[in-house]
Amino acid sequence: MKRIGVLTSGGDSPGMNAAIRAVVRKAIFHDIEVYGIYHGYAGLISGHIEKLELGSVGDIIPRGGTKLYTARCLEFKDPEVRLKGIEQLKKHGIEGLVVIGGDGSYQGAKKLTEQGFPCVGVPGTIDNDIPGTDFTIGFDTALNTVIDAIDKIRDTATSHERTYVIEVMGRHAGDIALWAGLADGAETILIPEEEYDMDDVIARLKRGSERGKKHSIIVVAEGVGSAIDIGKHIEEATNFDTRVTVLGHVQRGGSPSAQDRVLASRLGARAVELLIAGKGGRCVGIQDNKLVDHDIIEALAQKHTIDKDMYQLSKELSI
C-alpha cells in the first residue's frame, strides 16, 4: 500500500487530532503517503483532499476538535453518492481509508467496504457507545468536563440548599451520565438503557431530606427525556427549590486528557497497521487494555450495553 486517506466524521470528540497525528506519523514511518479528507464524507464527495506531511500534524495532539473538520452527510447513504467518493479516492491514488468517528461514521465505512474499498474504523465519540471497544476517543475528556461542572454545581447547590437536575449528552447511551454520576456521588442517575419510576426518584429525594440532606444532584442523560420537565415534576412533587442545568456542547470541547491522547495514538497507529496488512473492513478498539480489531459489519450488528454492575452500584451507593 502506497497511499492512504484519513477523515473524521460526525460529532467531534477530544483526541481526534491525536488519532490523526498517529495515522500520519505511523504511515510515513512505513513510507506510505497520507491524504487528509476535510469535512468528513461531504469532503470526500466534493474532493476536498490534501496531502499531509509530518509538519501537518505538528503540535495538534493537545488540541480539542479535529484538524480535518467534520460534518454530517446524510446523502452518503446513497450508493451512487458513495461511488463518487470512491472515484475521488481513486483519483488521488488512495488505496485505503481510516475513518475516525461514531456509529454513523462506521456505517459509512462499512458501506464503502461493501462496495470494494478497504476502510478501517477508529472509535471517536464522547458517548462511548461503539461496540467492540471498552472506551472511545473523547469519552474520558468529556467525562472529566462533566465531573468538573457537577463539582461546581454541587458547591452552589449546597450553598442554596437546592436540588439540581443536570442533563448530559447521550441520546442512546448513558455512559457519561452513569460514570459522572457515580464519580460525583449523584443522588439519582437516569439513563436511556434503564427504565425508571419517577415516584421512586421522588421518594429517594424525600428520604434524603428527612435525614437532614439539604441538597441533591440528579444526573440525566439527554435520551431519557426533558431535564426541564423532570425538574418541574420534582419541584411540584416535593416543593424543593429545583434548578436545571443542560451542559450541552461544552462536553465535546477542550484539550484531550492523557488517557484520550494515548488511546487515540494507539488506535490510530493500529488502523494503519491493519491497512498495511490488507485487512480492510475492520474496526479497532481497546478491551482489557489490549488493542483489538473486529469485522466492522459484525461490530455494527452488536448493541452497546451499559455496565449493569456499575449501574447497580450507583443505586446502592446513593441510598
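Even glycines carry a Cβ here, placed using N, Cα and C.
Because the structure is a prediction, the values reported are computed rather than measured.
In the record from Swiss-Prot, residues R72, C73, G102, D103, G104, S105 bind ATP; the candidate from G11, G15, G170 listed for the same site is G11. R154 is the only one of R82, R154, R243, R252 that Swiss-Prot places in the ADP site (with R21, A22, V23, V24, R25, G185, A186, E187, R211, K213, K214, H215).
In the structure as shown, the Cβ atom of R171 (substrate binding site) sits within 10 Å of 12 other Cβ atoms. Within its own chain, G11 (ATP binding site) has T70, G101, G102, T125, I126, R252 as residues 6 or more apart in sequence whose C-beta sits under 8 angstroms from its own. When the record's substrate-binding residues T125, I126, D127, R162, M169, G170, R171, E222, R243, H249, V250, Q251, R252 are compared pairwise by CA position, the greatest distance found is 33 Å. Of all the binding-site residues listed here (R72, G104, M169, R171), M169 has the Cα closest to the Cα of E187 (ADP binding site).
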